[in-house]
Amino acid sequence: MIEIKDLHKSYKMGTNTLHVLKGLNFTIAEGELVAIMGSSGSGKSTLLNILGMLDELDEGSYTLDGVPIKNLNETKAANYRNKFLGFVFQSFNLINYKNAMENVALPLYYQKVPRKEREERALKYLTQVGLKEWATHLPNELSGGQKQRVAIARAMAAEPKVLLADEPTGALDSTTSYEVMDLIQKINDDGNTILIVTHEEDIAHMCKRIVQLKDGIIVEDKFVEQVRASQYV
Amino acid sequence: MQFLFDRNTWQEIFGSISKNKTRTVITVIGVLWGIFIYIALSGAAKGMDNGFESMFETIAKNSMFVWAQSTSMPYEGYKTGRQMQLKLGDATMIENRIPQVEYIAPRNVMGFFGSPPATIGRKNKTGSYTLFGDFPQFTKIAPKKIYDGGRFINDEDIDQARKVAVIGERTQKELFDKDEDPIGGFIKIDEVYFQVVGVHKFEQSGGFGGDGDIFIPFSTFKKLYNTGDNVGWFSIAAYDDADVIKVEENIKNLLKNIHHVHPADDRAFGSFNLGEQFNKIVGFADGITFLSLVVGIATILAGVIGIGNILLISVKERTKELGVRRALGATPAEVRNQIILESVFLTVIAGIMGIIIGAMTLAMIDSFTQDIEFPYTNPTVPIPYVLGALVIMVVLGTLIGLIPAQRAVSIKPIDALREE
Ligand SMILES: Nc1ncnc2c1ncn2[C@@H]1O[C@H](COP(=O)(O)OP(=O)(O)OP(=O)(O)O)[C@@H](O)[C@H]1O
Ligand SMILES: [Mg+2]
């Protein structure tokens, strides 16, 4: 599903350049649930942003579902993001003046899905994350965990090939984190490919594979025995 | 362009506008105020224009009055302070010598300029009324509306010095019974019987005159009061394209010549130039119209720029939201169109509201000034002006929306998302 080869990325800051990613290689198959770990500043978000086509790589190659991702203009990148990718952010990034259902329906709007169908599908995904009753509530009426579940529903509504989550539990307490992980595991059980950036050892072990980044290189890439989050909920 | 007709686009825009209420209200007020000023001012200017026009409906626009006074300079053996007198022959001279004069009507009056009013009687009723001795061409200068069945003085009346009279509405009311037809009836003017041939409808006009005025043929007046060839004053109308000030000057110079008055003596003949006054008023009204146009457009402009400004601020505030939208798959074009459409939509809504409120204000002013004597009628803004204003607003709204729209897409989604 995802293949990166010799991926380099550096940021120019005035006269010096900061070499953040120094030649990464990995392949992620369909249906995997991967945790990307590493200390702060190791380049986790940078990697995820490149995979999410929000940022461009300097060197190397990136193939998503057999499609080589390179030289994208903004419009093309937007279309690929819309079709292939779902995002979950640490700070939820819900649109504050839209209610839960409208937030979930937004990617479908950019897919030109008619309104009726948009709402039906949004409601379906809200039901999946257990928030059907909250459909008409604004984000500021929801708890952090509920917000993140709405964000996950929004990411899933467009039925992406890959779900990218940058510290999805970073702003949540551990109980709520496990609820969110439980949800992510269930989505993964349905066969969806998911990448999660996390700091937390326990969250990482709820995935099936852990990629360890350090100073811009992969120092460890291992499959692990998945800990089910449901037992903590 | 297809997105314009897509219901989804409008739902998205309407959502964003209606959910950011304060912002929307503030922006709308700016343009609303502008278009309101524009409509109210230009409508009021038009109303004043119409008012002045109707004031001059009852008299030729390029008309003037000339009368005699006394000299202030000795000349050709005459002493200073000589009382001047206009003569019937002067009118012929003026008509022959000054080609710009279209009509000249010599007039005499009882009940004005120091002369006592005529005593009018009928059966056992009597009253004092102003009485004019007139030629038919007077109505060319100051049109008189005559009620059905009647007429004004004609040439035969003059030739035969007929004892006929045109009376006013009030005269009719006071001398005749309610259901009595005054036409053909007789009235006594200073003990002489006259037959009524017409009743004139009184209309407030720039000149003097009233609803009791009685008109009789100039020649009959002359016999009745022994005025000979004397003329009280001339009512004169120049051709439309004539320079009224020049004509006035020529007439007075000619009169000075005829009556042996020093060419530099400005006191011998008096005059009042309605045409000149009218031109001043028209100039004033035009000036107001122009001013209201300038002020209105400037205010609209300021309002639209205000919208641009607030959208710019709101785009900054919404940087993160727009970043999220782009992460979710909004293309730069979609983001740009949304901002521009928000701008145009707000502008047009505000504009339409401004037009409606402006029109309502105009209607209100109109109904207030209905009964008072103020030159203000039918304050309307021509439809092309309104449409023009709307077009200007759509164009400006688009142009001004381009700036925040461009700002919104110039920032990369990754940077937009990082924004706090
Ligand atoms: N747009 C940018 N411009 C310049 N430097 C950047 C930019 N984005 C990231 N960096 C730098 O690149 C390095 C990697 O950043 P990145 O956000 O990928 O780290 P991270 O592993 O996600 O860290 P954290 O766990 O704190 O989120 C950091 O040193 C950061 O300062
Ligand atoms: Mg990070």
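Cβ coordinates are placed from backbone N, Cα and C, and glycine is handled just like the others.
Per TrEMBL, domain 'MacB-like periplasmic core' is recorded for B:24-253. Positions annotated as transmembrane segment by TrEMBL: B:25-45, B:290-315, B:344-365, B:385-403. Marked as domain 'ABC3 transporter permease C-terminal' by TrEMBL: B:294-413.
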Remote residues contacting the transmembrane segment (B:385-403) - C-beta distance under 8 A, at least 6 residues beyond either end: 31, 35, 38-39, 42, 296-297, 300-301, 304-305, 307-308, 311-312, 339-344, 346-348, 351-352, 355
Secondary structure content of the domain 'ABC3 transporter permease C-terminal' (B:294-413), with strand meaning DSSP E or B: 99 helix, 0 strand, 21 coil
Same-chain residue ranges lying at least 6 outside the transmembrane segment (B:25-45) that approach it to Cβ under 8 Å: 285, 288-289, 291-293, 295-297, 299-304, 306-307, 310-311, 346-347, 349-351, 353-355, 357-359, 361-362, 365, 376, 379-381, 385-386, 389, 393
The domain 'ABC3 transporter permease C-terminal' (B:294-413) [mean pLDDT, rounded to integer]: 82
